[in-house]
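Here is the structure we will look at, set down as structure tokens.
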């Protein structure tokens, strides 16, 4: 960006929290990721629209990062604007419906539902990430998923327009939605729940959280579940059968607590993650004949 455009950015986007050449590893669950050219934290939709309008006017690429939980940002970082929705995190309850902004924490949203004795969101009680990312990926666990409860989502198009997509038009599948094809960004979502008993809902949430603590390597940075579940198999079991528990490249290793996870144990890099993922896919294929498909998204530029 030239000096004149940089001055225009500072003038047009005055008052918005924008950080230049900001390392993204400070914000990712993996603790890896190179710099964003411009990392923006809009406080409301008006600031969001200003950022997108400026970026589109100057043909600067932009994307939303979300909570960066099921994501690997490459070591070369991301060009253009990276927009964080941390401050767009409102949650409201209207009858049996919960509406949340895209930056709302998924776990916090389940707690709000529980407080209002609304059942249906318990499956997500321990899933890290944001509402926007959860809708984008059709997040799920323990038999539940976003597709079961979503009513509609407001999305931002690449042109900066807003439209509403009903759940039936989301084309939900296993860890997928139509948004992965259109590139549209969730800015809020509405969920339909059912009345329930507060103590029973709380007990179920605590039970699922306890299971996660027992089975998942929460003590290390990670990108969550690395691979999709292959039909008729479990990814973690296939990885164990290939004797890959503890298998390590650089600072990243296959978790010995849950082989479906890869953990950053010693200042690992995104390249370590990518190399380990590729190695595990190859060795599982050789051992079982099954080709694992990554669930984690990998974005950004590689280092030259």
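Yeah, the Cβs are placed from backbone N, Cα and C, and that goes for glycine too.
Taken from Swiss-Prot, the feature active site applies to 175, 295, supported by sequence analysis. The annotation active site, proton donor is assigned in Swiss-Prot to 225. For 31-196, the entry in Swiss-Prot reads domain 'FAD-binding PCMH-type', with the evidence type sequence analysis.
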> How long is the line from the C-alpha of residue 225 (active site, proton donor) to the C-alpha of residue 295 (active site), rounded to the nearest angstrom?
Replying inline: 7
>> Please report the distance from the Cα of residue 295 (active site) to the Cα of residue 175 (active site), rounded to the nearest angstrom.
In response: 7
> How does the model score the domain 'FAD-binding PCMH-type' (31-196) in terms of mean pLDDT?
Replying inline: 95
